[in-house]
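According to Swiss-Prot, the feature Na(+) binding site maps to 73, 76. The annotation transmembrane segment is assigned in Swiss-Prot to 12-32, 41-61, 65-85, 96-116.
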């Protein structure tokens, strides 16, 4: 019974971390859309850079849940990106659809790589191991 309670407590803590991280990510996305208009490209590239940064350095699992899954997951948008591409396809504008997909993939991959590289540079130096 105690083990089940401990497992449930751990899962609820993880769920709470994701939810707490998701709120500011969603609010930032909403504010960017409110002030700058449709900014799927901006939020997806920004989210990719931040995830790359997290991946490039040692991050505690709880921070990964809070920032990686919660914040970045709610900031970025795959479905809105695909809907924008589909609207171009529906209008018969395949070049615009493919351009949007290619641009987002290219910039997103570049941003993730840049974030990863920066994360590696910001990584704390490895501590020398003392041998017994």
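From the backbone N, Cα and C atoms, a Cβ is placed for every residue, glycine too.
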The transmembrane segment (96-116) touching the transmembrane segment (12-32) per 3+ Cβ pairs under 8 Å rule:
no
Sequence-remote contacts (6 or more beyond its ends) of the transmembrane segment (96-116), Cβ cut-off under 8 Å?
40-41, 44-46, 48-56, 81, 84-86, 88-89
Three-class DSSP secondary structure - residue 76 (Na(+) binding site):
coil
